[in-house]
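Colleague: Not my notes, these are from Swiss-Prot:
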BINDING   Gly126, Thr127, His128, Gly129, Lys130, Thr131, Thr132  ATP binding site
Amino acid sequence: MIKIDLAQIRTTVPEMRRVKQIHFVGIGGAGMGGIAEVLAYEGYKISGSDIAENPVVRRLRSLGAEIFIGHQQDNIYGASVVVVSTAINADNPELLAAQQARIPVVRRAEMLAELMRYRHGVAVSGTHGKTTTTSLIASIYGQAQLDPTFVIGGLLNSAGTNAKLGQSRYLIAEADESDASFLHLQPMVSVVTNIEADHMDTYEGNFEVLKDTFVRFIQNLPFYGTAVVCLDDAVIEQLIPRFARQTVTYGFHEQADVRISDFSQCVNRSEFSVHRINKPAMKIQLNLPGKHNALNAAAAIAVAMEDDIDDFSISKALNEFAGIGRRFEQYGEFETGRGKAILVDDYGHHPTEVQATIDAARAAWPDKRLVMAYQPHRYTRTRDLYEDFAHVLAQVDQLLLLDVYAAGETPIAGADSRSLCRTIRQRSGKEPIFVASPEVLPAMLAQIIDDGDLVLTQGAGNIGAVVKTLAELQLNIEKMKKASRVQ
């Protein structure tokens, strides 16, 4: 294993010594916070701001970062460079102050590119599955004692964090296509899990522009780099001839270089075989449910093969994978006055992701009534994929629909949850329930849940906090039961 001497890098590149303090506007996001954490471990002074406290903010504070709640121009005092997330508007006072003071302002992906510049980078892109695939790759490399640096968009449960500074040359990271900033990255291996219409405002509302951007992402690889792509995705299959780089394919497709077969699932695990060119087949036991996660695992296997990681390390990492926060995360049973229900939480916020969650839940618990509480994310996404959302959400037995999490967007008429409720009601005859705010969701769930139900909370907004509330409620119920037994 090749060790990285960070001090030597700074000596070799004197310009890096000029950067003393790095300020992050929107530091509480998983991607921004992850980069900040790695830089903190590299020895940089970190400051930042966000609109609210969260676990990422608290963790960074524990590492010595100075973090402000709320955005004010004075927050950037002392910064050598300012990093902004995609959620930051052009009129943000810290951004304006940095521009006025002529402090360099860079986007998240540009800073990630700097981290990747001196490392063997693996960049994972695609509309869906980025976080899980990146986590699986990081877990395999860790199991193989390669000690990678990683930056992931979700909490890797086994590490207790979404970012880590490793001491090897490997950097494994998500490549965010939402603002096309992933084009800043120059990795050695690029993964594309799938390509669907999303973030279309970035791409002029033109799917061809989105496809062209993914081709450019692959072509940013050096001529000796490798593209790892899913052959099951029809769009990717169409684009492969344009990549002009060594390409390894994976999937259930008969022609895939890393091919999945004999898939089966039992509750929260799955089993399948993986066939590889000029190598024996592997029998994989994956500690995740769903065919979509089998595809994510196949991508991770294909990447690991590029670095000659042994089959034992691959199999062991996948078998013992401890999961990711808010990715089909199971909280076990919780109790209401009407009985016990199983609670599962998921971050997916695109119709395809919601469909994958529903399919995995149905396969794991085929006899249970499926109750979903869903929070749409962004008005533009709801507008652009309205018909798909209406179709997918109508498949659950009982739907509770929270209003759209705006993520800084202005409301769009007809692209809201009340409209979705009406459409689903008219087309399916089902009765979705509109929920005015996440705060009232636990009480509403308590009124409609029956004994034996499966409850899915889903979305990329603040609905995740509801799960914590339900878990705390369950803990209090158990404490009261114990107290009554003692008396």
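The backbone N, Cα and C atoms fix where each Cβ goes, glycine too.
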Colleague: Just to confirm: which same-chain residues, 6+ apart in sequence, have a Cβ under 8 Å from the Cβ of Thr131 (ATP binding site)?
Modeller: Ile152, Gly153, Gly154, Glu174, Ile324, Arg327, Tyr347
Colleague: Quick one: which residues besides Gly126, Thr127, His128, Gly129, Lys130, Thr131, Thr132 have a Cβ within 8 Å of the ATP site's Cβ centroid, in sequence order?
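Modeller: Neighbours found: Val124, Thr133, Thr193, Asn194, Asn296.
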Colleague: Between the binding-site residues His128, Lys130, whose Cβ has more other Cβ atoms within 10 Å than any of the rest?
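Modeller: Counting every other Cβ within 10 Å of each candidate, the maximum falls on Lys130.
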Colleague: Within the chain of Thr127 (ATP binding site), which residues six or more apart in sequence place their C-beta under 8 angstroms from its C-beta?
Modeller: Glu177, Thr193, Asn194, Ile195, Glu196, Asp198, His350, Thr352
Colleague: Any same-chain residues 6+ apart from Thr132 (ATP binding site) with CB under 8 Å of its CB? Would you list them in sequence order, or say none?
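Modeller: For Thr132 (ATP binding site), the qualifying residues are Leu288, Asn293, Asn296, Ile324, Arg327.
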Colleague: Sequence gap of 6 or more, Cβ distance under 8 Å: name the residues on the same chain that satisfy this around Gly129 (ATP binding site), in order along the sequence.
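Modeller: Long-range Cβ contacts: Thr193, Asn194, His292, Leu295, Asn296, Ala299.
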